[in-house]
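Student: From TrEMBL, here are the annotated features:
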- Glu137: active site (ACT_SITE)
- Cys94, His136, His140: Fe cation binding site (BINDING)
Amino acid sequence: MSIRPLVIIPDSKLRLVSEPITDITSEIRQLADDMLETMYDAPGVGLAAIQIGVPVRMVTMDVSKSDDERQPMVLLNPEITWASEEKRVYEEGCLSIPEYYEEVERPDRVRFRFMNLQGETVEQDADGLLATCVQHEIDHLNGVLFIDYLSKLKRDRVMTKFKKAAKREAGA
Ligand SMILES: [Zn+2]
């Protein structure tokens, strides 16, 4: 297992639409291990493969928020199959947009379907943090970021800040 570098905005890779996973190869298992290690190290509650630069439809999550009882989830080709009409506002952050948090409104409850590393199809209901997290991560697979739900003013402000930081780093 190894910790991989995170892709940070404004990197255009984050706008790619990731490819479905057809075979669970040793590379896919390795990627899952690396994503979990990278996510726990960050630390974060969710990570999409594109956030370490790999454009395949894989997500790792752990919303248990406990180091003692980790509950790692690995989702291949996840999709939302149902969403509640009731919405909920939650303050979101993203490992690709470090130290920026903003309130986002999304469906309060969802049902999602995915393939696990054993190749089985699983369908699961989610509410609370898990519902927010799975919607946020599936968005990544489609090149969507949580700042896309904010006003243009707020989005432009955060993009400008990170563009400046990237330029400073390139010049340093
Ligand atoms: Zn994110």
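Numbers run from 1 along the shown chain.
Keep in mind that glycine also has a Cβ here, set from the backbone N, Cα and C atoms.
Each of the listed features needs to be described in terms of its position in the shown structure.
Tutor: In three-state terms derived from DSSP, Glu137 (active site) belongs to a helical segment. The Cβ of Glu137 (active site) has 24 neighbouring Cβ atoms from other residues within 10 Å, across all protein chains displayed.
Around Cys94 (Fe cation binding site), taking its Cβ as the centre, 25 other Cβ atoms fall within 10 Å, counting all chains.
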Student: Centre the Cβ atoms of Cys94, His136, His140, go out 8 Å, and tell me which other residues of that chain have a Cβ in range of the Fe cation site.
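Tutor: Checked against the 8 Å cutoff, the neighbours are Gly46, Ala48, Gln51, Glu92, Leu95, Ser96, Glu137, Asp139, Leu145, Phe146.
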Student: Using Cα coordinates, what distance in whole Å links Glu137 (active site) and Cys94 (Fe cation binding site)?
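Tutor: About 9 Å separate the Cα atoms of these two residues.
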Student: Which residues in the same chain, at least 6 apart in sequence, have a Cβ under 8 Å from the Cβ of His136 (Fe cation binding site)?
Tutor: Gly46, Glu92, Cys94, Phe146
